[in-house]
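This report refers to the structure that appears directly beneath it.
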Amino acid sequence: MAQRLEERILEYVKQHAAEGDPQSVVDHIDKYCSQKEWAMHVGDEKGLILDQVVKETNPTIVLELGTYCGYSATRIARLLKPGSRLLTVEMNPENAAVAKQMIQFAGVQDKVEILEGSTEVIIPSLKTKYGVDRVDFVFIDHFSERYTADTKLLEECQLIKKGSVLLADNVVFPGAPDFLEYVRTCGRYDCTYYPSHLEYSDKLDALEKAVFKGP
Ligand SMILES: Cc1ncccc1-c1cc(O)c2nc[nH]c(=O)c2c1
Ligand SMILES: [Mg+2]
């Protein structure tokens, strides 16, 4: 029995999912976390909203804040066109190690790069160190206390342009009230609220989409 929850999830996927099949990996993580042990992946219900927003955005460069075990990185990467990239930031090295294996098993490693460290350090280095010019889509799913600061950082670093899409998880539970206040009132975003439920739970939660209108 693997010591950590995240390692038990990875083990279950390796033993039951189809290698190289990202949908199978996503489905098996959902199966494990709804039947055996709860874990904080965006999940299948909010995941369908994430899929829809990714499809309508059709992004070339995706940034994800908060990799965890790689569930949403796998979910997003499976929808990306050839030649597109997903950069995902994870500050917990043990989670990053699990996510690396999960992404590899799913067969999406050519599209996904895991950046280990904190967002406040990595975001300002994306242009110089990772050759990023602009990001088309940002999935914000790390710590709700960092959502607003990191959104402002993306603006200041000129990483988002007119039309860039931010999609934030957990704006109801655990909640990101200052983020909602900021994107809805600063005048630079067109916002859409997607009510849903907390992953593997009947508690209410929601995603907020904020489309950047330009500086
Ligand atoms: C852990 C937890 N417990 C009870 C209720 C919600 C959560 C929870 C759910 C999530 O989707 C999260 N996503 C990113 N980061 C988080 O910290 C996080 C926490
Ligand atoms: Mg979340």
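Just so you know, glycine gets a Cβ as well, placed from its N, Cα and C.
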For the Mg(2+) site that TrEMBL gives with D169, N170, which of D141, D150, D190 also belongs there?
D141
Cβ under 6 Å from ligand 1: which of the binding-site residues S72, E90, D141, N170 qualify?
D141, N170
Work out the three-state DSSP category of S72 (S-adenosyl-L-methionine binding site).
helix
So which other residues, same chain and not among D141, D169, N170, have a Cβ within 8 Å of the centroid of the Cβ atoms at the Mg(2+) site?
V42, K46, G66, F139, I140, H142, S144, A168, V171, L207
